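**Q** Heads up, here are the entries from Swiss-Prot:
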type    : residues                          : note
BINDING : Asp38, Asp40, Ser42, Cys44, Glu49 : Ca(2+) 1 binding site
BINDING : Asp74, Asp76, Thr78, Ser80, Glu85 : Ca(2+) 2 binding site
DOMAIN  : 25-60                             : domain 'EF-hand 1'
DOMAIN  : 61-96                             : domain 'EF-hand 2'
DOMAIN  : 98-133                            : domain 'EF-hand 3'
DOMAIN  : 134-169                           : domain 'EF-hand 4'
REGION  : 1-25                              : region 'Disordered'
REGION  : 1-21                              : region 'Essential for homooligomerization'
Amino acid sequence: MHSRKGASSLPRGRGAGKKTELTEEQRQEIKEAFDLFDTDGSGCIDAKELKVAMRALGFEPKKEEIRKMIADVDKDGTGSVDFQEFLSLMTVKMAERDPREEILKAFRLFDDDETGKISFKNLKRVSKELGENLTDEELQEMIDEADRDGDGEINEEEFIRIMRKTNLF
């Protein structure tokens, strides 16, 4: 067995049927999203808050999907979801994520000029937006590390390859 620290425990295939263990980081992320939208501190969130909390975690649920999810987990029939119910819901949703699609979503955030590649300029912009104080040299090293074809930019396949090496996906 390998260490779970930093390694994703999400299944690599789409919608693997077995129960998935979340990393501590994922649990924390889910807890923060829940707390953020439990504005009255009741320990529960309603359908509208559930939708916003899921959006904060990178999901885009439809109204009908929200209704069905609440019906599935709302054992006490209150019409709202407590943290344990939300956690079990999000554990299932995270297991259904397609890692390749998640990586490509991230790629598109970097590639804001839609060239199909991540340039030095793209990387620098994202670094600034995230408040990372990286030097130009460090940013260039990141590009050099991922750039397999030597064109000075990172294409989708190069990005997917480097992201898979990180064990985040």
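Residue numbers in this text run from 1 along the chain shown.
Cβ from N, Cα, C; glycine included.
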**Q** Going by Cα-Cα distance, pick out whichever of the binding-site residues Asp38, Asp40, Ser42, Cys44, Glu49 is nearest to Thr78 (Ca(2+) 2 binding site).
**A** Cys44
**Q** Could you work out which of the binding-site residues (Asp38, Asp40, Asp74) has its C-beta surrounded by the smallest number of other C-beta atoms within 10 A?
**A** Asp40
**Q** Of Glu49, Asp76, which of the binding-site residues has the most Cβ neighbours inside 10 Å?
**A** Glu49
**Q** Restricting the comparison to the binding-site residues Asp76, Ser80, Glu85, which residue's C-alpha is spatially nearest the C-alpha of Cys44 (Ca(2+) 1 binding site)?
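**A** Comparing Cα positions, the candidate nearest Cys44 (Ca(2+) 1 binding site) turns out to be Ser80.
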**Q** Residue list, the domain 'EF-hand 1' (25-60) vs rest of chain: Cβ under 8 Å, 6 or more residues beyond ends.
**A** 66-67, 69-70, 78-83, 86-87, 90, 93-94, 102, 105
**Q** I need the nearest neighbour of Asp38 (Ca(2+) 1 binding site) among the binding-site residues Asp74, Asp76, Ser80, Glu85, using C-alpha distances.
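**A** Smallest Cα separation from Asp38 (Ca(2+) 1 binding site) among Asp74, Asp76, Ser80, Glu85: Ser80.
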**Q** Of Asp40, Ser42, Glu49, which is closest to Asp76 (Ca(2+) 2 binding site) if I measure between C-alpha atoms? They're all binding-site residues.
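**A** The answer is Ser42.
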